[in-house]
Amino acid sequence: MTKPLTRDDYVPNDVTVHRDPDRLRRVVRALRAAGRNIALVPTMGALHEGHRKLIREAHVMQNTVVVVSIFVNPTQFGPSEDFSRYPRTFESDVDTCRAERVGLVFAPSVEDMYRPGSTVTVSAGPLGEELEGASRPGHFAGVLTVVSKLFNIVQPTYAVFGEKDYQQLTLIHRMARDLDFPVDVVGVPTVREADGLALSSRNRYLSEDERAAATALSAALVAGAHVSGRGAEAVLKAASETLAAEPRVELDYLELRAPDLGPAPENGDARLLVAARVGTTRLIDNAAVLLGTGDE
Ligand code: PAF
C-alpha cells in the first residue's frame, strides 16, 4: 500500500530530499494541484556557481517551487569515460540547495531510475551524432532518455539548463518540441571565472598547470568573436591560432554553426563551439558570434 503524503514531504522554507521517484511524483502533483508551478533544474551534482545561477533563474518564474535533481546518470557516460570518478558531493550540494531556497531535491538511485529490464530509450537523431556525439557515441541518447524521465516524474512547467552544454540544450529544446513535452525549456548563459574559464564540475580534475592552459578555450572564442565582422574564415583562423599557441591543449573540434547547430550562415547569428582535452580532462565551451556585419 502507498503511504499517504505527510507535512514532511514538502516543508515550506526548507529543502526536502526525495529519493523515491513515485513519492516525488506524488508530492509535485499535490503542489501543482495547489496552484504551484514546478521549475526543474536537472544536475549531476557537484554544484558550483553555474548551477546556482540556474537555480536563481528558476526562482524568477512566478509562484514556483524549485526542484533540483541530483543524479549522476550512467547511461550518458561511455565505457572509457569518468562515471565512477565523477565528483559526488551530495551533502554540500544539499547545503547549496538550502542556501538557494530550493524546495525539493530529487536524488534517486540508479536502480530506481533504471528498473531492471528497461530497454526503451530516446534517440537524439542526426544532431546527436555530431560535435560532442561524434566523440561520445550514445551520449545524447543517455542525456535525452534521463531528461525525458525527469520531465515525466517531476512534471515541470519550466526546466532550466546551462548554455555551457549548448548542444545538449539544443537537443533538449528539440526533444520537448518533437515529443510534445508540456515544458518551457529555458537556457541560461555560461558563468565564467574572472579569466574566462567556463565553470564546469570537471574543472576540479585540472592541475594548476592544466587549469592555466584551459583558459585557451575561452580565449579562442573571444579571439574568434573579435574578428566576426570579417566572416567565418577569419573567426576560425583567429580561434584556431589561439588554441594552437597552447601546446597543452589537444583540440577535438572547433566549429562554427548556426544557432540551431545547422550549417553556419554567411552573415548574422552563429555559434562557435570548441572541445579539447587538457591532460586527461575533456572540456567544452561555446559563444555566440555575429558574422560579417561589421568592417572588422
Ligand atoms: O548537464 C548535466 O548535468 C546532465 O547532462 C543532465 C542534463 C543533468 C542530464 O543528466
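Cβ atoms are placed via backbone N, Cα and C, with glycine included.
Annotation comment: TrEMBL describes 44-51, 162-165, Val191, 199-202 as ATP binding site. The secondary structure of Leu47 (ATP binding site), as reduced to three states from DSSP, is coil rather than helix or strand. Around Leu47 (ATP binding site), the C-beta neighbours below 8 angstroms that are at least 6 residues distant in the chain are Val68, Ile70, Thr89, Ser92, Asp93, Thr96, Cys97.
Annotation source TrEMBL lists active site, proton donor at His51. A C-beta separation below 8 Å, combined with a sequence spacing of at least six in one chain, links His51 (active site, proton donor) to Val41, Thr43, Val68, Thr96.
Residues annotated as beta-alanine binding site in TrEMBL: Gln76. Around the Cβ of Gln76 (beta-alanine binding site), the number of neighbouring Cβ atoms within 10 Å comes to 21. For the recorded site, Gln76 (beta-alanine binding site), the DSSP three-state label reads helix.
Summarising the annotation, TrEMBL assigns (R)-pantoate binding site to Gln76, Gln168.
Nearest neighbour of Gln168 ((R)-pantoate binding site) by Cα distance, taken over the binding-site residues Met44, Gly50, Gln76, Ser201: Gln76. Secondary structure at Gln168 ((R)-pantoate binding site), taken from DSSP and collapsed to helix, strand or coil, is helix. Taking the binding-site residues Gln168, Ser201 in turn and counting surrounding C-beta atoms within 10 angstroms, the largest count is reached at Gln168.
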